[in-house]
Amino acid sequence: MRLKRFLLRYYPPGIILEYEQSNVLKTKSIDLLDLKPDTDINSIVEEIVKREPLITATKVDKVKELIERLQEKISQQDDKRFYLFKVLRAHILPSTYVAFNKSGSMFITASYDRTCKVWDTASGEELHTLEGHKNVVYAIAFNNPYGDKIATGSFDKTACIWSTERGTCYHTLRGHTGEVVCLAFNPQSTVLVTGSMDHTAKLWDIVSGSEIASLHGHTGEIISVSFNTRGDQVITASFDRTVAIWDVRTGDKIHTLIGHTAEVSSAQFNWDCSRIATGSMDKTCKLWDALSGECVATLRGHEDEVLDVVFDSTGQYIATASADKTGRVYDALSNLCIATLTGHQAEISKIAFNPQGNRLITASADKTARIWDPLSGECKQILEGHTDEIFSCAFNYEGNTIITGSKDNTCRIWR
């Protein structure tokens, strides 16, 4: 067995070991959920070396360096104010989504104009236009942490895999009979999952572009898909009010999460793959045991549909966004609401933690995005300037740059 290299990922916090065994590339994650600014790094390194035979004496210094970098990120000051850097007239028709690569050096935008565009964050210059879809490009993703490939999903019922560097199409993935509205790469960048309005999800081999499995069982549209950290399970959330957990290797269904009384809008694993959070049009968020498929908590308080749900990088907190114009933050252990984010004048469609976990950003139909302290619920800053609904927002890897996408056909870079 030969250890190839280490990768540092910002969400969730941990070290990814990448190694070869019998000429097969494998990965293993080491979580650092308890890492704090004052944690003794030497003791953590000693414990990791004891547990992981893959880490030889020659790799100890590298492990320590990666943990120091993570600790530095956690310790970064949280009083930063963001200022408008650039307004990009990204597309001739409204955009549908924006996403960063891992380092934040590039981002992508999708649009009703049937294209996806690749942008340089530092300059705001367009690098590539990914053309070929015959209808709206609705879902996009980088294969983070690598970032050398981009996936696009379209209303033309296909998905495509593209080269980030060249802007050329590797594969067009055909097989869905309805619009492709969500997709995700596994963390190992070997498999892509696509979700469709045809009630199915499909797993695709990234290298060959061939279909690995078709996931049948939902009776409604699939609108959210997500891999766990290990990449061996994927969840699909559906308008049929359920979420399904699937075995990636076999394509078999492991569990169906039943309990919501209206359409499910969002679903996500936590870092250690033990819990799943789901948001629903029934005004609740539910927390599920990923191993048993049992509902362990129902998080209440919203007065209208829950449109987005997200864990922080440690899995200690859950944030929700709602059509009731508020966001909420829950403690994932006690299941209590610890903060309510009030101030938006219209529904909040998107919510996201920064990599450090000490800030939240919300995107709203009131044409603003807001930055919040997740523990106190205090609004720290309002990002104003868009002239129509903001539907998407994202932090970069360092947490010092934000992108907002709006129906006003622009994206804004904030620093």
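Including glycine, each Cβ sits where the backbone N, Cα and C put it.
For 88-129, 130-172, 173-214, 215-256, 257-298, 299-340, 341-382, 383-415, the entry in TrEMBL reads repeat 'WD'.
When Cβ-Cβ distances below 8 Å are used as the criterion, the repeat 'WD' (173-214) is approached by residues 9, 16, 25, 27, 135-136, 138-146, 149, 151-161, 220-227, 229-231, 234, 236, 238, 240, 246, 248, 250-251 of the same chain, each at least six residues removed from its ends.
Put simply, of 88-129, 130-172, 257-298, the stretch with the most CB pairs closer than 8 A to the repeat 'WD' (383-415) is 88-129. Panel annotation: around the repeat 'WD' (341-382), residues 10-11, 73-74, 76, 78, 81-82, 304, 307-314, 317, 319-329, 388-395, 397-399, 402, 404, 406 of the same chain, lying at least six beyond its termini, place a Cβ under 8 Å from a Cβ of the stretch. Summed and averaged per residue, pLDDT over the repeat 'WD' (130-172) gives 97.
Secondary structure of the repeat 'WD' (257-298), assigned with DSSP and counted as helix (H, G, I), strand (E, B) and coil, comes to 0 helix, 22 strand, 20 coil.
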